[in-house]
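Trainee: Shown below is the structure under consideration.
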Amino acid sequence: MSYELQRPGEEMPIEEQMARTSLFTRLEDLVAWSRKNSLWPFNFGLSCCYVEQVTALTPVFDQARFGAEVIRASPRQADLLVVSGTVFHKMAAPLLRLYEQMRAPRWVISMGACANSGGMYDVYSVVQGVDSFLPVDVYIPGCPPRPEAVLDALILLQQQVGAQRRPLGVTVGNAAGLGFEAPRRRDQRRDERMAQTLLDPPEKL
């Protein structure tokens, strides 16, 4: 970037002014860029993995560098849900309700072995993978994962969000508004996944 001095009152050609002060891009690229760089996580934790998630917010790891430091206390103000810890069957229905209260577009990170696959708790009361009832975008392995893994997952999610070209949901004239949600593979088995909120007998696990 080059700098040059300009005297007060000196006129600059309009083309040069526009080149210095204006940015030209497509609207969908601008929206994708802003979503990518301003993820708002929902303040939600279930177990020991949540401690590592909060550690990523400390100055040592500085999650603010990635634009995801604004932790929201309400799901209606968040667009990122990090499921960190053991998900019990009793917690599945409230967790799904919190996810449904988040505004679209929204994303889910499954953090830790327990959230990914039930971990070492292969018992009747633990959901064997949060992806059985939520659409997961990024998985973080580990028991518990290190804060660096949380930052890696954020970077990976930002790359996915930046590459998505979702409709903006604008209504023009008599046209119907376009939705935000991109089709997901797990929607084909949605009814089967929604049944996960009920306790299964131990012999089915």
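Keep in mind that glycine also has a Cβ here, set from the backbone N, Cα and C atoms.
According to Swiss-Prot, the protein carries these features:
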BINDING   Cys48, Cys49, Cys114, Cys143  [4Fe-4S] cluster binding site
REGION    184-205  region 'Disordered'
COMPBIAS  184-194  compositional bias 'Basic and acidic residues'
Trainee: In the same chain, which residues outside the set Cys48, Cys49, Cys114, Cys143 have their CB within 8 A of the centroid of the CB atoms that define the [4Fe-4S] cluster site?
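Mentor: Sorted by sequence, the hits are Ser47, Ser84, Gly85, Thr86, Met111, Gly112, Ala113, Ala115, Gly119, Gly142, Pro144, Pro145.
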Trainee: For Cys143 ([4Fe-4S] cluster binding site), just count the other CB atoms lying within 10 A of its CB, please.
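Mentor: There are 12 such Cβ atoms around Cys143 ([4Fe-4S] cluster binding site).
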Trainee: Which ones in the same chain are close to Cys49 ([4Fe-4S] cluster binding site), with CB under 8 Å and 6+ residues apart in sequence?
Mentor: Ser84, Gly85, Met111, Gly112, Cys114, Ala115, Pro144, Pro145
Trainee: Within a 10 Å radius of its Cβ, which of these binding-site residues (Cys48, Cys114) has the fewest neighbouring Cβ atoms?
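Mentor: Among the binding-site residues Cys48, Cys114, the sparsest Cβ neighbourhood within 10 Å belongs to Cys48.
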